[in-house]
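Below: the structure, in structure tokens.
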Ligand code: SRM
Ligand SMILES: Cc1cc2nc3c(=O)[nH]c(=O)nc-3n(C[C@H](O)[C@H](O)[C@H](O)COP(=O)(O)OP(=O)(O)OC[C@H]3O[C@@H](n4cnc5c(N)ncnc54)[C@H](O)[C@@H]3O)c2cc1C
Ligand code: SF4
Ligand code: FES
């Protein structure tokens, strides 16, 4: 039986700085990925910030708002949930989120 | 039996009436039934344009379906009232319902006026009033490149901005010889035209459209003067026409130019029928703004409740939103005929600023005014006008930037409690103050509990000012905790870090905070850690704003700027050549900054390390333009060259800039040194300014340019160099230790208890006994300086992050530049689909 896997390997985990965002290109899409070491978790969202229409989210700070992990746009400080992509600053915006996980030594992403 | 009130029209005003009556009718005396022609319940038409910038129809709705249900208001959507029988007292609807009423309220609003020009029925001609209109415009714009808006009034300009945002080359065609003819005078209109044209919208004045050419689809506009404009689509915004057709058919009295005639009780010629909002004609006037409509809605709801209320006209002051420049007018815009009023005009075409005030003959009362380019004074001026407040200063001060500290105009604090701050919702200053006293603890809460600021939004800056002022007055209630993650103020966090020796954010968070941190506490903590321990900044890069994390300022398109330090503005030809060569090699835009140095812009993150490598090899250092740190110490040529100079200001500026470079502080720091009192280095507008005297140096502190300019205070006179530097060391360190985050020295000073005298006491007389400590902490910071960029390029681990993609070498193809005056510039968002604009072609 052949199962179609949509997971893409984006290289060894050690390539990715912990605590800081990075940007990867998967199938033509720019995706911002974040690791929150205290949470032991990886997150992936679109790199494109719908508010200012620029590819900048991977360069944003991370943190939490009322316990929800967030990324904050470096240009105008809009806050987005890393879990759902919801924008807390202006509810009309939202981000696409992508499943991401560690597989052996590598990071894989479904995009 | 309940009395039945039927409301025809569920627009902004019809809805507001339902809301007001339902709220007041606590005994349920009335049954409210409303018919709504549009396919959805009332929405915020004032903010209609935001539908293009991402708001959904749902976001714009005034109230959800649930609201109507919960409040017992019977809503019929998509159902129009087609007939009124005023004798039988019933209405007939488009679905054939016959419904009896006791009282009828007409809130049918208005429709855009579409001039009967031949060819206007071609495809591609739109109006701009409903969500459906906007949907149609958006859809059609996909196949269009140029758009003309007929009408250069308030709404026309808003529509033009929307068309431009859709990526269309946009023209505004106005019949009158100026824009916004009803709100502006000639000079203001001319200036506004220039500003709008600078933004890429072409304006054609004194043009009357005689024909719209097309073959079923719009092709061009033809004007009475024989000229022609090729366009693919047209938005008509040439004024409004009250929806009085139903009233006419019913035999109600209407005005000669339209509008349902009402008296001061908002009654039509039939004693059971009221009319409110944009369909109502009161004393020959249609009120095309929400605030007057809301006042009418409120009055009718009071009358129905048996209370006394009248409508006797309303203020028509306006502030234009969305066009990218401020425009506002209130009261009289010209000197009223046969009055002795006077006018004061500032027409600064150089800065695109126009300000005009009409004042009473004796200069004590404000009768009206116009503001273009900077309408920040609108809130206060408008209030002064409405409340007929006495002008206590020289009236010109009201529109001039004040030279020292406080602006001369009145602040919210001076307004009487009865002053209406929000005219849409009729909320007074007194209402807001009591809401704050009852516990509203944020502007958002204040808005939701008083409704102030929820209409046109024009009053929000004043509400915010009032809120802040009340908070300041009540002292204790102002929480100065940094954010949800720390129960500490910046000053306390600084003390904790210094006292406990904590060197990382994680440790700080673990011991004194909660959660994961955020964009407020992380940079604040990084800044404090740097001000205390002075470790290379990239060691905290995950805490820093993008600017500090990349050691460069992020620009609007996501690229970065590079500013090498040029101490005192002095530079050798060889070094200047290196900067030029680097800029050329990496294709960077080059500009002299306001701080006497050179900015190289448009660098991709990945190019930053090689660029800096070349600059550092040539002897440059980081200029810290990205950090909350010392920027520049501006200098003049001083006694070395200048025929007036009395001391060597250049050398002192260079030495001081080098002394404090790299030191992190609560906000950026700037200095200046002038060689004599002529003050060519503008030292008094700096955080610390030094002016040479015959005997030594005068020191000024806490000056500021920027948002609220403030001249520095004279701190000490005729100092020798050594004492001067000692005082600056102590002053800066005291500021670093005690100021709030992002607080410049000038704001810090205005809040400092005891003010200048206290500061002099601490720094000169050592009244707190901390001077030794201040000096040694400063000595540590100076001694541990290291160029951050040099440190970074020598550390491969730190450079990891400078590539755009982590999994490929590709560059970010979304960054695009265009050529402007021979250099690169970021492409605007819609530049790609913008074509050479079609010009007005003479026929
Ligand atoms: C580049 C420059 C404009 C230019 O082309 O000349 C500039 C550019 C910026 N200024 Fe400025 N300012 C520049 C000179 C000034 C000056 C003039 C001066 O220093 O003599 C002032 C007024 C003087 C003063 O600060 O008192 C000035 C007052 C401001 C302010 C208002 C500060 C205030 O306290 O009111 C801000 C906003 C802020 O800091 O919050 C600001 C903020 C900014 C920021 C950082 C905005 C931002 O966050 O993106 C701009 C980014 C710089 C960049 O990307 O490189 N800039 N800015 C100037 C850089 C000077 C330098 O060599 O470092
Ligand atoms: C783009 C735009 C920007 C604006 N900006 C501002 C601003 O910044 N500040 C400001 O103060 N004002 C602004 N306005 C004006 C403001 O929106 C109006 O003053 C306000 O909407 C008037 O409310 P109304 O209820 O009288 O009319 P409307 O909002 O027009 O509502 C009337 C409703 O009645 C319905 N109706 C008509 N006849 C019938 C019938 N026979 N049966 C059933 N229903 C019927 C209509 O379909 C409509 O839904 C703006 C308007 C537009 C279009
Ligand atoms: S401040 Fe004085 S010394 Fe300096 S350039 Fe001006 S006039 Fe000359
Ligand atoms: S004045 Fe319109 S919202 Fe307050």
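Cβ atoms are placed via backbone N, Cα and C, with glycine included.
All TrEMBL annotations are machine predictions without curation.
As written in TrEMBL, here are the features:
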{"type": "BINDING", "residues": "B:636, B:642, B:676, B:680", "note": "[4Fe-4S] cluster binding site"}
{"type": "BINDING", "residues": "B:680", "note": "siroheme binding site"}
{"type": "DOMAIN", "residues": "B:4-284", "note": "domain 'FAD/NAD(P)-binding'"}
{"type": "DOMAIN", "residues": "B:317-381", "note": "domain 'NADH-rubredoxin oxidoreductase C-terminal'"}
{"type": "DOMAIN", "residues": "B:421-468", "note": "domain 'BFD-like [2Fe-2S]-binding'"}
{"type": "DOMAIN", "residues": "B:555-616", "note": "domain 'Nitrite/Sulfite reductase ferredoxin-like'"}
{"type": "DOMAIN", "residues": "B:627-752", "note": "domain 'Nitrite/sulphite reductase 4Fe-4S'"}
Where does the mean pLDDT land for the domain 'Nitrite/sulphite reductase 4Fe-4S' (B:627-752)?
94
Starting from the [4Fe-4S] cluster site formed by B:636, B:642, B:676, B:680, give every other residue of that chain whose CB sits within 8 Å of the mean position of their CB atoms, in sequence order.
B:637, B:638, B:644, B:645, B:649, B:674, B:675, B:678, B:679, B:681
Counting across all protein chains, other CB atoms within 10 angstroms of the CB of residue B:642 ([4Fe-4S] cluster binding site) number 17
Let's see if you can do this one: DSSP helix, strand and coil counts over the domain 'BFD-like [2Fe-2S]-binding' (B:421-468), in that order.
26 helix, 4 strand, 18 coil
Around residue B:680 ([4Fe-4S] cluster binding site), how many other CB atoms lie within 10 A of its CB?
18
Reduced to three DSSP states, the domain 'Nitrite/Sulfite reductase ferredoxin-like' (B:555-616) has 28 helix, 14 strand, 20 coil
Treating G and I as helix alongside H, and B as strand alongside E, what does DSSP give for the domain 'Nitrite/sulphite reductase 4Fe-4S' (B:627-752) in helix, strand and coil?
44 helix, 33 strand, 49 coil
DSSP residue counts for the domain 'NADH-rubredoxin oxidoreductase C-terminal' (B:317-381), split into helix, strand and coil:
4 helix, 29 strand, 32 coil
